[in-house]
Amino acid sequence: MASSPHNGLPATETLNPNSMNGHYSPNLPQHDQPPSSPQSNNPKEQVTPPNPQSSPGAVPGDKRKREESDTTDLSLHPLHKTSLCSYFRRQAGSCSHGDTCRYAHGEEELRQRPDNTWDPTSERAKKALKLENRGDQCDEKGEMEVMMMDVVVDGDGHGERGGENHSECFLDPGLSKCLVHLPMKWDSERLRKFLTEQGVPFKSAKKKKGMAVGFVSFGDTEQLKSAMEELDGKSVGNKNIKVADVVPRSFEKDLKSAIAPSENAPEASEAISAGENVGTAMWSDGIEVADANNDGSASDASVPRTRSVRDAVTPLAHMPYGDQLEHKKNSVMQMLKKLTRNARKACPTGVPIPEWILKAREIGGLPCELVGILESPVLNGYRNKCEFSVGYSLQGKPTVGFMLGSFREAVTAVEEPLNCPNVSTIACKYALVFQKFLQHSGFPVWNRFKNTGFWRQLTVREGRSPGKTTDVEKEIVSEVMLIVQVCSVGYDDALITNEFESLAQAFAVGAAADTLPLKVLVVQDHQGISNVAPANAPLRPLPVPKVDCNSNLEAMDDAEEMRIHDCISNLKFSISPTAFFQVNTLAAEKLYSLAGDWAGLGPDSLLFDVCCGTGTIGLTLAHRVGMVIGIEMNAAAVQDACRNAEINGITNCRFVCGKAEDVMGSILKEYLNAPNKPDEQLNASETIPDEKDTSVNDVQNSELCSVLGTDIGEVAPGCSANGEQELQSCSQKSCTSGEGESLVPQFKDVVAIVDPPRVGLHPTVIKTLRMNPRLRRLVYISCNPESLVANAIELCTPSPDKVDKMNKNNRGWRNMSSAGLARHRAKSMPMSEPFRPVKAMAVDLFPHTPHCEMVMLLER
């Protein structure tokens with residue numbers, strides 16, 4: 001007997017018949033999809049697979065195989081990215097499918113399901129479940145704080161590509177009310193129908209399924225009074241409606257009072273400076289704005305108690321700079337103590353505990369001496385790169401600035417960067433120019449809930465001229481690069497071209513009005529969900545028209561080459577749009593000098609600059625060593641590093657394009673595995689200047705791609721944005737002697753300086769560094785405390801007598817911290833001599849924020 005579509009199953013089993021715990025199979029035939037139950041809109045309901053016996057002819061024990069069609073665009077499937085990827089969460093943020101994975105890698109990528117519910121394991125679903133369980137005792141104000149930005153910004157989805165009337169999408173608290181105890185299954189359309197049936201006049205009504213509150217705005221006070229009389233206490237289902245006030249949060253009130261004078265006073269816009277990206281991590285473990293105000297040093301009455309843009313971006317700006325340094329030093333001390341505790345736990349049974357752990361008790365639990373904290377030479381306007389989000393303000397106005405909260409908290413409002421002291425005036429002025437352009441643009445701004453829109457982000461990069469460090473407050477910005485991120489999906493190419501021409505004209509006129517430098521204007525086309533674009537995102541340079549003394553636009557020249565220049569330690573560096581470069585140039589000079597001093601460099605030293613970026617560390621220290629090997633996976637950054645070596649006349653550098661975990665082993669073997677006898681030892685200074693060595697392979701195949709500094713002059717000037725053309729234009733030669741035998745210079749001293757991204761070093765790189773006995777000193781530069789602790793555990797923990805083969809099916813790893821995972825990986829570390837922490841020092845690259853860099857010297 002064939003089963004019916006529902007087969008007698010409850011609603012939770014027929015909600016998404018194609019999915020299993022939120023996972024879907026896009027190629028199932030349409031007739032096999034039973035209709036979803038209209039009552040299955042509760043976020044707490046778990047999506048379960050259909051009964052396997054309901055399919056005729058199914059063979060028990062057979063596994064269902066997923067068939068994927070090459071011609072089907074899975075991103076168009078209604079269930080695409082509606083469930084969190086279990087592999088991504090279980091394996092510490094890695095998934096073998098990468099960008100092609102059909103499941104969401106984090107809350108930011110997560111989309112709402114077709115039935116207006118969220119993945120039951122997501123934060124949104126958990127919040128909705130809590131609100132439902134509260135019932136009549138729920139806190140209306142708490143519900144409004146969760147829903148306010150979600151409902152107001154997201155809307156109903158009835159507008160066209162986010163271009164609906166935004167004045168109706170934002171509530172005026174004076175003429176708006178919150179209706180509590182509405183049926184959970186109602187949406188905005190059902191609420192409007194209810195109000196119409198009751199004869200209640202209104203301007204707009206909004207409600208989301210799965211929530212017990214809705215928001216109604218009225219045209220005038222008479223409509224508001226009549227609606228309150230009609231609705232308050234009215235019975236709907238088994239509950240009585242309660243009419244509550246729409247109370248804006250405290251930081252919204254403070255922001256409105258701050259924005260009002262800035263709109264009326266043009267001189268206020270000249271004094272503003274923007275701040276640190278909210279998304280960057282904090283050195284202080286979990287410290288947020290409220291903690292910064294309650295640490296004992298911020299109890300003064302002048303400390304702002306509301307969360308404004310200044311509070312969100314530069315939470316330490318209200319503190320004297322000396323107190324900021326002390327605050328960061330204490331946070332670093334707590335992190336170092338965490339390293340000691342975890343390293344002790346990671347020590348294998350039967351192996352003596354390292355001496356540095358035993359001596360930690362004598363110095364307050366620290367693994368090594370904390371020398372102190374190095375202050376920044378410049379405190380205000382120090383950022384040479386600032387990423388401004390594009391979105392809507394609390395008043396519904398297209399705004400370029402910073403978000404007031406995180407997407408996870410459903411707060412996507414963007415406000416102008418008022419009174420944030422760490423971004424230059426030039427960056428803020430360009431943000432205002434772009435904001436004025438958006439208010440008259442025919443293309444909508446990006447909507448983070450619907451993932452629709454055109455304008456997404458503005459990045460301002462500045463290049464400073466060489467100058468004396470004694471006059472750091474008056475640095476001259478000579479070059480500016482503007483990068484505008486857009487999403488062009490669904491828009492006509494001709495309209496886009498016209499809009500870009502208008503954009504270039506707006507920036508040219510704005511730069512001329514305030515005498516701002518502008519060298520490069522680039523458009524980045526990114527179609528992903530978050531604003532973090534991949535390295536291969538298309539880049540399109542736009543020619544910038546010239547403006548004469550009468551503010552008339554002249555004919556546009558060809559687009560400039562997509563790069564600007566900055567200076568560190570009297571060296572000139574070429575910077576491409578996506579290349580990494582320290583945001584605080586003057587403080588970076590101190591950071592690199594400190595790293596070089598601790599590395600103990602000399603003429604016989606071979607320096608490995610791991611995660612070298614544009615080669616700043618290696619090139620600034622090249623005059624101290626025999627040779628520098630820089631490793632970087634970003635091809636455009638390697639291209640910049642080659643140019644930088646050529647510009648500064650440095651010849652003892654070699655840059656490798658590839659992942660450090662893929663190329664580190666072969667490079668160490670090339671330079672360190674030759675005989676190390678005195679009569680066979682080569683002097684690097686005798687071989688490097690006169691020899692050339694370039695070996696270039698396909699960058700896309702992740703093979704070794706290296707360029708020796710003396711061959712940089714052969715680089716073709718015209719190159720693509722990602723640098724592949726320039727790298728592949730180098731002639732393929734090898735360093736050979738007169739007899740045709742390969743001569744690879746050998747070095748007595750091998751030192752590594754690592755400056756990894758936030759995730760830290762790959763476990764393979766850690767194992768490679770530790771397994772080579774010739775590497776005696778390692779200088780670790782870190783911007784993330786968690787990754788530093790995790791990497792130091794693996795580098796400094798003794799090897800076990802018996803290697804423990806880890807069980808890869810251990811699902812308990814999902815809930816482990818990065819330090820816990822490092823302790824488990826240390827159990828499988830092959831027998832090798834561990835490093836030991838010698839000393840550490842913090843460097844303040846980010847004044848007014850809780851963040852700082854840290855340098856740690858490891859020896860063995």
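Using the three backbone atoms N, Cα and C, a Cβ is placed for every residue, glycine included.
Keep in mind that TrEMBL annotations are predicted by a computer and have not been checked by a curator.
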Stretch carrying zinc finger according to TrEMBL (options 79-108, 289-318, 319-348, 739-768): 79-108
Matching range for TrEMBL feature annotation, region 'Disordered', among 155-180, 441-466, 805-830: 805-830
For Asp755 (S-adenosyl-L-methionine binding site): intrachain residues, at least 6 apart, with Cβ closer than 8 Å: Asp609, Val610, Cys611, Cys612, Gly613, Ile617, Ile781
Neighbourhood of Gln582 (S-adenosyl-L-methionine binding site), C-beta criterion under 8 angstroms, separation at least six: Ile568, Ala588, Leu591, Thr616, Leu845
Beyond the site residues Gln582, Glu632, Asp755: chain residues whose C-beta lies within 8 Å of the centroid, for S-adenosyl-L-methionine: Phe580, Phe581, Cys611, Cys612, Gly613, Thr614, Thr616, Ile617
